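Annotated features, as they stand in TrEMBL:
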type     : residues : note
TRANSMEM : 80-98    : transmembrane segment
TRANSMEM : 110-132  : transmembrane segment
TRANSMEM : 144-167  : transmembrane segment
TRANSMEM : 173-196  : transmembrane segment
TRANSMEM : 217-237  : transmembrane segment
TRANSMEM : 257-280  : transmembrane segment
TRANSMEM : 301-322  : transmembrane segment
TRANSMEM : 334-351  : transmembrane segment
TRANSMEM : 372-394  : transmembrane segment
TRANSMEM : 400-425  : transmembrane segment
Amino acid sequence: MACGSTHRSESSSVLSASNLSHVRRTSWLSSSLSRLRCHILRLRHRLQLPDGNGKCFGHSLWPVIWSKMYGMLGIQMQRAMFVLTLYSIPLSIVWANTEHFLVFFGLDKSIAYLSGSYAKFMIPSIFAYGLLQCINRFLQAQNNVFPVVLCSGVTTCLHVILCWVLVLKSGLGFRGAAVANSISYWLNVILLACYVKFSPSCSLTWTGFSKEALRDIIPFMKLAIPSALMVCLEMWSFELLVLSSGLLPNPVLETSVLSICLNTSGTIWMIPFGLGGAASTRVSNELGAGNAKVAKRAVRVVLSIAILESTLVGSVMILIRKIWGFAYSSDPKVVTYVASMMPILAIGHLLDSVQSVFSGVARGCGWQKIGAFVNLGSYYFVGVPLGLLLGFHFHLGGRGLWLGIICALVIQGVSLSVITFFTNWEEEVKKATSRAEGAKDHAAENESIIVF
């Protein structure tokens, strides 16, 4: 369920990219670069609630669940919404000036202009995406995943129609994909908000808006920022290398292919992303319940599933490598290049699946700061420099850039696995118990004042 809800919520970008393959190549490339910039600048849902995919400050909410203070779940969601809405304002200003940033970094002016235009149409999605992920985490923290899957599925189906109309029929061209994304995100927000408001299953956790959500913002950010960095440091490294491909010989071909590779790897990464969230949820719950052995066993089970999944998906990627490029382009050079990259992507997916599970365990145990340092060292001290060296100095092009990421994944996975294997689980149970008691004391000191 966690995998399904995650995959559906992220599918709009993939569908938009596929539809854009039917417009001019420069327009598709421009939208790809703009989407990359959007991902790089967006902390997105990394500052939000814990979840079945608990990428970020989830660790702060598990004590609330363990202590059965269900009303605090809604307050935490409101707090996350408030922070992300404020953050989205300066971010939207940056997106509005995407063209100037891309020109400053040396990209072709015509492509920068089109990329900037795409980013401007994506601005409404900034606010919607943050609110959407807050609601998703709010529901998934309660093991209430089905409405997330259902609403995301409905939105995805409508998004297909929106893309067809806005990209191919309205005259907006590639800009129509950005408009379709924004509409789809807002529609998903409205559907889930109605569910939370009117569903009996949320009657205990959603009791109305509260002034309490405006308190404790600083403690919230202290935990959210390391968790956000843990994820963003990894994601940004992929996207920075794709942007770097624009400086290689034949930049249009290199950037097009690496954009396809990033889109492909991002799509299949949603599966281990969900598994990592499941690991985070299960480990957190078992530690809170005092079940150290069960928490340890859960790590082994999810890791086994991740290895099996990545082996199967990787095998399929290798089998379809010669035809996959046609989903994005009819250019023979692009299709051939993509085919040569698919085995590298398959290996990367295996490594990414393993590290996603261990990253989920780290979030479930509250090791966000450790994870952030591991990711910083893996990607920015090793992966990115090595990728640039292989790509530019040794003339391996896009393959060299991606091989640098492969090396970073190896170091990241090994580091997190060593930390996990040498963990004293009984000690983690004691820490979880202490956090739950602290959450109870905090709730007793701060009574919620309901606004409406």
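These residue numbers are counts, starting from 1, taken along the chain as shown.
The backbone N, Cα and C atoms fix where each Cβ goes, glycine too.
Automatic, uncurated: that is what TrEMBL annotation is.
Here the structure is a predicted model, which means the values were calculated and not measured.
Two recorded stretches are said to be in contact when at least 3 C-beta pairs lie under 8 angstroms, sequence spacing 6 or more; the transmembrane segment (257-280) and the transmembrane segment (301-322) meet this definition.
In this chain, the transmembrane segment (173-196) does not touch the transmembrane segment (372-394); fewer than three CB pairs sit within less than 8 A of each other, excluding pairs fewer than 6 residues apart. Touching of the transmembrane segment (80-98) and the transmembrane segment (217-237) is concluded from the presence of at least three CB pairs under 8 A, sequence neighbours closer than 6 excluded. Between the transmembrane segment (173-196) and the transmembrane segment (301-322), the number of CB pairs under 8 angstroms, six or more residues apart, is fewer than three, so the stretches are not in contact.
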